[in-house]
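Annotated features in Swiss-Prot:
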- 185, 187, 188, 189: ATP binding site (BINDING)
- 1-73: region 'Domain I, interacts with DnaA modulators' (REGION)
- 73-140: region 'Domain II' (REGION)
- 141-357: region 'Domain III, AAA+ region' (REGION)
- 358-484: region 'Domain IV, binds dsDNA' (REGION)
């Protein structure tokens, strides 16, 4: 039995050197040693899909490793045994990735891995006799390139930065939960990942998990399909820190919202840190349960806005320095003046500057900058979804034509029911087809307040669920807007 465990450990150590952290985590984290004879090692997989995929991807390589290590007669057999997988927890004497003791080719070289959680893998290294690796909790989806040190601060993001750094130093103490909100490409993910990396550095025993809302949803759906919801709950409710990116992607998805609600409560009651990001304030989320929105507002909600000119210049200068670009400061200032959208676009502009310099061997002037800006705009349009391609004027024209209204009607203060309803619909469509905030939408619709616009959006959202006629009208208007 022990010899079989040692051989399986040897296989794991060899394979992990050949795979990325993410791949190793996905395919081997939930495999468990069950039993062994002189000729056969049995490994438990959580479900038939996982078993089949591991066999398809790695059976040949595992056999090669066995031959390389002098175990020609031994076979590794994978078994679909979810019950065995569930019972092999951290206290189990059976071997898994949580307790790997890998025997190398000679007794003088032994590597012992002590991995204390299921979600975390650390790179394999060679150690001399009796050396131990006390691995920390390592999230394979945390990217080391995101740090507080390389996050450039300014008036638009200083509060979010300070709060994030404070959370990393003292998780679960002050700002719990914390929600960072703002538009696309402004640095929300950078801060979220920086929190994870700094916390990992300062609190090595912490179980930290960074996950996008999309992956959180997909994992939840898969757990239902494979009857593994208990495993899913255990994974997320026994963390020290949950970093959930882009929660707006969970709008209109009631099942996962319910699961997140209970996960939130479990972590909150245990004083475990939670940080979320969103492209809008919680109050502006559509088809999102009120009780979950109220949970987000329990702690700190902090926004990141578009960078001002000085910050844009600083971002561009740093990117130019990293890329080894030498151009006059006047050119960098010109880029900062023209690209006012977000950090992502600023960095894209610098990348294109470098391409023009390297490939065309030309001096950058104002006409080149203008050309680059146009390329960025085209690129963004080509890669955004249909909603973002729709401009405000297109939406307005459809509303006026189909509802037989005038500019004065839609932007005025008439209390006529049909005109009031049209303004509600206009606000709703602007929110769904653009990235405008409620304040920006309010300015378009005759200077309405944030609360008025939010009321309009929520009203139409609810009516679509209860009124078939309204729902059909909205669908018809959306189809016409998409054709513009």
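Quick reminder: no glycine exception, Cβ is built from N, Cα and C everywhere.
Since the structure is predicted, the reported quantities are computational estimates derived from the model, not experimental observations.
Known features from Swiss-Prot, placed on the structure.
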residue: 185; record: ATP binding site; Cβ contacts under 8 Å, 6 or more apart: 341, 342, 343, 344, 345
residue: 187; record: ATP binding site; Cβ contacts under 8 Å, 6 or more apart: 151, 157, 160, 304, 343
residue: 188; record: ATP binding site; Cβ contacts under 8 Å, 6 or more apart: 180, 181, 182, 245, 277, 304
residue: 189; record: ATP binding site; Cβ contacts under 8 Å, 6 or more apart: 146, 245, 277
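Report note: the ATP site is defined by 185, 187, 188, 189, and the residues of the same chain whose CB lies within 8 Å of the CB centroid of those residues, excluding them, are 182, 184, 186, 190, 191, 277, 304, 343, 344. The secondary structure of residue 189 (ATP binding site), as reduced to three states from DSSP, is helical.
Mean predicted confidence for the region 'Domain I, interacts with DnaA modulators' (1-73): the pLDDT average there is 82. Helix, strand and coil residue tallies for the region 'Domain I, interacts with DnaA modulators' (1-73), in that order: 46 helix, 11 strand, 16 coil [DSSP].
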